[in-house]
Amino acid sequence: MVLIRVLANLLILQLSYAQKSSELIFGGRPCNRNEHRFLALVYSDGNQCSGTLINEEWVLTAAHCEGNKMKIHLGVHSKKVPNKDKQTRVPKEKFFCVSSKTYTKWNKDIMLIRLDRPVSNSKHIAPLNLPSSSPSVGSVCRIMGWGTISPTEVILPDVPQCANINLLSYSVCRAAYPEYGLPATSRTLCAGILEGGKDTCAGDSGGPLICNGQFQGIASWGSTLCGYVREPALYTKVFDHLDWIQSIIAGNTDATCPL
């Protein structure tokens with residue numbers, strides 16, 4: 001089975017395939033306080049996701065993180081002990097690849113959010129640049145988030161967890177999930193540890209996949225049992241959506257995503 005890693009009302013919704021909109025990093029360690037200045041904690045309708053600040057006014061996350069009463073928190077490390085420079089925003093506008101907000105297991109799970117007002121750079125807040133090149137298979141990638149740290153129950157950490165995983169060939173994910181008939185090509189990335197033990201999980205959806213220092217992916221979906229052997233996760237490929245992202249930010253709200 002597959003998990004769309006969303007943490008709904010602090011419960012993992014286990015569907016026939018579920019997305020990671022609310023996952024914690026399974027098999028990780030607490031992130032360094034200063035290594036995730038771009039990481040956003042996103043809440044909507046009782047669900048938890050992550051996002052990535054790409055400039056003072058825009059955040060990227062997963063489309064399946066969409067919900068009402070959304071709040072976006074920046075500058076967060078410990079949930080219990082807020083940083084003095086924490087800033088909270090709500091969406092001014094949300095943009096999706098398609099007007100119906102639909103997405104598939106292999107395409108269009110991306111949402112671009114314009115904040116109601118810009119955030120200020122600070123000790124714990126700074127944007128992450130968009131990628132300048134496409135990632136290579138074999139790259140070491142960093143994942144992070146406040147999602148559950150257990151594959152079988154909801155155990156949420158106070159601080160974000162970080163872990164290193166590997167960028168794998170997309171064919172590995174096709175082979176791992178034959179029941180979903182993934183297409184031969186896709187605008188998603190396949191990443192994980194084939195031996196298992198490290199993965200995004202429920203509550204981590206929408207968070208970044210950072211490969212060799214570049215923001216390359218958005219946590220989308222994966223195995224119901226996070227970190228399971230030979231069942232890596234899939235991430236929306238940021239590089240393939242650069243034209244769409246940059247066009248929207250420039251004011252061309254009619255821009256369309258790549259097919």
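Glycine residues also receive a Cβ, built from the backbone N, Cα and C atoms like all the rest.
Copied over from Swiss-Prot, here are the features:
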type	residues	note
SIGNAL	1-18	signal peptide
DOMAIN	25-250	domain 'Peptidase S1'
DISULFID	C31-C162	disulfide bond
DISULFID	C49-C65	disulfide bond
ACT_SITE	H64	active site, charge relay system
DISULFID	C97-C257	disulfide bond
ACT_SITE	D109	active site, charge relay system
DISULFID	C141-C211	disulfide bond
DISULFID	C173-C190	disulfide bond
DISULFID	C201-C226	disulfide bond
ACT_SITE	S205	active site, charge relay system
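Recorded features from Swiss-Prot, shown on the structure.
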| residue | record | contacts (Cβ under 8 Å, 6+ apart) |
| --- | --- | --- |
| C97 | disulfide bond | A63, Y103, N107, K108, I110, H241, W244, T256, C257 |
| C141 | disulfide bond | P135, N164, I165, N166, L167, A191, L209, I210, C211, N212, Q216, G217 |
| C162 | disulfide bond | I25, G28, R29, P30, C31, N32, E35, H36, R142, I143, M144 |
| C190 | disulfide bond | L167, L168, S169, Y170, S171, V172, C173, P232, A233, L234, Y235 |
Nearest of the active-site residues (H64, D109, S205) to C226 (disulfide bond) - Cα to Cα
S205
Candidates H64, D109, S205 (active-site residues); nearest Cα to C49 (disulfide bond) turns out to be S205
Work through the disulfide-bonded residues one by one (C49, C211) and point out the residue whose CB has the fewest other CB atoms within 10 angstroms.
C211
Give the mean pLDDT for the domain 'Peptidase S1' (25-250) on the 0 to 100 scale.
95
Counting Cβ atoms within 10 Å of each candidate's own Cβ, which of the disulfide-bonded residues C31, C65, C201, C226, C257 comes out highest?
C201
Tell me which of the recorded positions H64, D109, C173, S205 sits in the most Cβ-dense spot, judged by other Cβ atoms within 10 Å.
S205
On a C-alpha basis, identify the one among H64, C65, C201, S205 that is nearest to D109 (active site, charge relay system); the candidates are the recorded positions.
H64
CA pair S205 (active site, charge relay system) / C65 (disulfide bond), Å rounded to integer, equals 7
Where does C141 (disulfide bond) sit by DSSP, helix, strand or coil?
strand
